[in-house]
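Below: the structure, in structure tokens.
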Amino acid sequence: MTDDRDATDPDPPSHPDPELRDGIDPQSRARALQSLLTEQGILSTDAVDEVIATYEGDVGPMNGARVVARAWTDPEYREWLLEDGIEAVADLDISVNDEVMELRVIENTADTHNVVVCTLCSCYPWAVLGLPPTWYKSPAYRSRVVDEPRALLREEFDTDLDDSVDVEVWDSNSEVRYMVLPQRPEGTEDMDEAELAELVSRNAMIGVERLGDGGAIASDGGARAADAGGANAGPEAAGADATAEVDTAGKPVPRADADGPTFAEPWMARSFALAVALTDEDDPGRTWDDFQSELVAELDANPGAEDGSDADYYGAWLAALERFLTDRDVVDADAFAARASAFAGGERNAHEFVEGDPHAHADRLPEGHADGAHHHHGDGDDHGHHHGHEHGHDH
């Protein structure tokens, strides 16, 4: 899709040189953006670090696991959760911005299994589930779960549902995020809330797994991760090479478990955090939906980005951020190109925009869409589609 503004605007925005992406490494480009924004006083390094720390340490599937465990042990809380997800999770000190989105919790029963997707992009309830797994963003998952959910669940996640169980597919969007409330496993009557939370997996809260008996283990990167390979299990995971392992030095990796890195490399964290810190719902033209539109366009232009490694995905994120900022004259395209080249050539380094930190801590990872579409699948995957999709938050 062409940008009509370039044909009609007497002073059209200057875009980053496409060759810049190929000629300069993403770390230097991300550093260049942050240094220019910091110099202009648009944001601080502390704001960027705070976003990274939040999504590395404070946001993750354990939040959702606590919510599920409370619902299993407290019938009144369960009803509250199903009626008003945002207010209910807030009772556990989990914050969801109700001005941006609604959180709907849907309950599995003996007769119904629910599964969540975002068919447009990768909208996801970050506050309760953390950042989305790589497979959730893939075109393979996003299409197959709507067209043939039973086959997908069986073949890719070893979740084999009886024909008597209806499958409901819930499509997240810019205004609504969905989370599944799994059934409580049998044999857990004597477990307390903390012990129950240990059994809850991220995949069960997405709906690609159905929790088993009381000895079930969250082997897919949930609250308790048992193996690295299971975390990225999903479409096209079979035959994945060694780069899927968390401890593969120097290579971008998918998030492998609850204890593994949310961001495989610092530039990925920086690119993500810059977008989150910069968007402003009170500033027309710089809202999250504005950035999301750029990101969706970038992913559409480079379909392999969603289906590939985190480096491909966050590479698209960084490219979208560059266009988002230069199109709006927040950052001058020529100044950006020059600054990125300076970082790449070693003429500049991150020290200069990290106040008081001679070791450039910004390059160290911290330790430690209208109503959504709903797809009903009864026996044999017969289904109807109900779409109300807009570009969403929560990539």
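One-based numbering along the chain as shown.
For all residues, glycine too, the Cβ spot is worked out from N, Cα and C.
Keep in mind that TrEMBL annotations are predicted by a computer and have not been checked by a curator.
Residues annotated as region 'Disordered' in TrEMBL: 1-26, 222-253, 359-395. TrEMBL lists 1-24, 359-384 with the feature compositional bias 'Basic and acidic residues'. According to TrEMBL, the feature domain 'Nitrile hydratase alpha/Thiocyanate hydrolase gamma' maps to 27-208. Positions annotated as compositional bias 'Low complexity' by TrEMBL: 222-250. Taken from TrEMBL, the feature domain 'Nitrile hydratase beta subunit-like N-terminal' applies to 256-346. Residues or ranges marked as compositional bias 'Basic residues' in TrEMBL: 385-395.
Secondary structure by DSSP for the domain 'Nitrile hydratase beta subunit-like N-terminal' (256-346): 61 helix, 0 strand, 30 coil. Residues belonging to the domain 'Nitrile hydratase beta subunit-like N-terminal' (256-346) score a mean pLDDT of 82 in the model.
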